[in-house]
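Following: one structure in structure tokens, then a few remarks.
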């Protein structure tokens, strides 16, 4: 990794790095005086040189990260308004994806295709989030957060409406509910992942948790809404109504999202500016990056398995379609709570510690609790616990990347890490579907699901092992906040 010799005042060097993105000034920025310019000046004022100053070889991008982190407003009405808008956008781009299990169950019941085939449709959108992560980071820098958020919401709306006209065609669903929806989701995800860092530092984990909690609430609400609408109007009109609802609520929220940029007269561009949005291949030489990249890549294989297969499993238990939708809604609502809780835990216990806890909880639940869920009660408990740990993964990973690699390069580093999620997003749930089919399908009793459960749980614990290795490399003390 490139280094440079700079003079680092001790007070600045002590600032903890966390999730951020370096953006140039764009139209529609927020004036920081709304959030208390005096307090901001006090936080950004640098102390005079003293004997505590040392000359140390440091990464210039990490130094830029520390300086950027020291200037954020860390709250205020404007900041929380943008966070609320991001939460609404997250509501829709996560909600339409995590409610796919309801649509899949209805389409399987209609005889359109098998669960293993349709799970590929549901896997395409999150796969495109991963595939488009680095290009979207460059797009955000080129046109701004608001434009990217608006484009994402409008594409999601178009995809939902188009899916209504393709509800009887598997190829049509691959294009509309897969490709189009995935493109819109990827734009919205990038916006929501990088915006909180511009407004928060000490409470950045909480801000990320609130944003992605909106996605958990969206998964719960859209699941319930789709369950009701399918029974009353059918799958085609359910898609159209959901698209209209996304337009009415998501579009105004996207208009609220703005950059926060503090212009400094005569300031030189930050070290990361020239390479913003470009792949930094040298990061793969860093064992820490390689470990977090591999951990995320492995962890995404099991992430969507419960969300996609809970309604089918409930049907195999003899429960009604509404009960299956209710379980998925509970999973998503718990995911929202888990995202906020894990955001708070990241601020207090450390993001790597929190990420490890979420992966262990997820793997243990799929290996122990889910196979033992032969009645509604244990299955509901599994849905709640797995939903919370599932949501915690998404709320924690951006903070982990920012803490380790610096806020000024997090746009690139997080984009590279998320790109590694593509194979898991694409193949994770379909592999579970093929295992289900190989052991007799959903009509062959509960034992047919167990190979898929063991596959998912084992991979979650495998990802946890990689995080343990990285955690010990960062700090071998088990009591350390990492």
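Each Cβ is built from the backbone N, Cα and C atoms, and glycine gets one as well.
Features as listed in TrEMBL:
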type	residues	note
COMPBIAS	30-44	compositional bias 'Polar residues'
COMPBIAS	47-58	compositional bias 'Low complexity'
DOMAIN	288-482	domain 'Major facilitator superfamily (MFS) profile'
REGION	23-58	region 'Disordered'
TRANSMEM	77-100	transmembrane segment
TRANSMEM	147-167	transmembrane segment
TRANSMEM	173-194	transmembrane segment
TRANSMEM	206-230	transmembrane segment
TRANSMEM	236-257	transmembrane segment
TRANSMEM	289-313	transmembrane segment
TRANSMEM	319-342	transmembrane segment
TRANSMEM	354-373	transmembrane segment
TRANSMEM	379-398	transmembrane segment
TRANSMEM	410-432	transmembrane segment
TRANSMEM	452-472	transmembrane segment
Interface check, the transmembrane segment (410-432) with the transmembrane segment (319-342), three or more C-beta pairs under 8 A: no
Long-range environment of the transmembrane segment (379-398) - Cβ separation under 8 angstroms, sequence gap at least 6: 19, 193, 197, 205, 208-209, 212-213, 215-216, 296, 299, 303, 306-307, 310, 313-314, 317, 327-328, 330-343, 345-346, 351, 354-355, 357-359, 361-362, 365-366, 369-370, 373, 410, 414, 417
Overall pLDDT for the domain 'Major facilitator superfamily (MFS) profile' (288-482), taken as the rounded mean: 91
How about long-range neighbours of the transmembrane segment (147-167): same chain, 6 or more residues beyond its ends, C-beta under 8 Å? 89, 92-93, 96, 107, 136, 139-140, 173, 175-177, 180-181, 183-188, 190-191, 234-240, 242-244, 246-247, 250-251, 253-255, 257
Could you give the residue numbers and ranges of same-chain residues that sit at least 6 residues beyond the transmembrane segment (319-342) on either side and whose C-beta is under 8 angstroms from one of its C-beta atoms? 95, 98-99, 101-102, 105-106, 109, 205-206, 208-210, 212-221, 223-224, 226-227, 231, 306-307, 310-313, 354, 358, 376, 379-380, 383-392, 394-396
Any chance you could find the range in 77-100, 206-230, 289-313, 354-373 with the most Cβ pairs under 8 Å to the transmembrane segment (173-194)? 77-100
Distal contacts, the transmembrane segment (289-313) - CB-CB under 8 A, six or more residues away: 98, 100-102, 104-105, 108, 115, 119, 122-123, 126, 130, 219, 283, 321, 324-325, 327-328, 331-332, 359, 362-363, 366, 370, 379, 382-383, 386-387, 390, 393, 397, 400-401, 404-405, 413, 416-418, 420-421, 423-425, 427-429, 431-433, 436, 442, 446, 449, 452, 455-457, 459-460, 462-464, 466-467, 469-470, 473
Report, as numbers and ranges, every residue of the chain located at least six residues beyond the transmembrane segment (236-257) whose Cβ falls under 8 Å of a Cβ in that stretch; write 'none' if there are none. 81-82, 84-86, 88-89, 91-92, 96, 103, 145-146, 149-150, 152-154, 156-161, 163-165, 167-168, 177, 191, 195, 222, 225-226, 229-230
Residues from the same chain, set at least six apart from the ends of the transmembrane segment (452-472), whose C-beta lies under 8 A from its own: 288, 291-292, 294-296, 298-299, 301-302, 305-306, 309, 352-353, 355-356, 359-360, 362-368, 370-371, 428, 431-433, 435-436, 482
